[in-house]
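Asks: Sharing a structure, written as structure tokens. Questions coming.
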């Protein structure tokens, strides 16, 4: 059964759009999809399960959530004529670079482990 899945995806550049385009282009059951970087909105149509689409797009490393239902009920403005389906032209190495996640950990010393100096008398 064909259905439409709408996601909010954190995309800030054409590289982000390319990563989402790549994974959706390979996904089985997808008939069409639209990527709107301005609204950070991805609309997927086809014989797909919403959770499967969500998981597939999440694999790009982009922050992904379901599009809010109340926003979907609002009347839609005319589609931007400049929005088009983007074809993948990046090399595999460039794509892998985009998928890397910055893994900086915030490390704070615990109060009990804080360095103390003996008082001088």
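Any Cβ shown, glycine's included, is placed from N, Cα and C.
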Asks: Given 18-69, 70-121, which one carries Swiss-Prot's region 'Disordered' label?
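Replies: Of the candidate stretches, Swiss-Prot labels 70-121 as region 'Disordered'.
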Asks: Over all shown protein chains, what is the count of other CB atoms within 10 A of the CB belonging to residue 13 (Cu cation binding site)?
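Replies: Looking across every protein chain shown, the total is 10.
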Asks: Just name the most isolated of the recorded positions 2, 16, going by other Cβ atoms within 10 Å of its Cβ.
Replies: 2
Asks: Cα-Cα, whole number of Å: residue 13 (Cu cation binding site) versus residue 2 (N-acetylalanine)?
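Replies: About 30 Å separate the Cα atoms of these two residues.
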Asks: Quick one: DSSP breakdown of the domain 'HMA' (2-65) into helix, strand and coil?
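Replies: Helix, strand and coil residues of the domain 'HMA' (2-65) number 22 helix, 22 strand, 20 coil.
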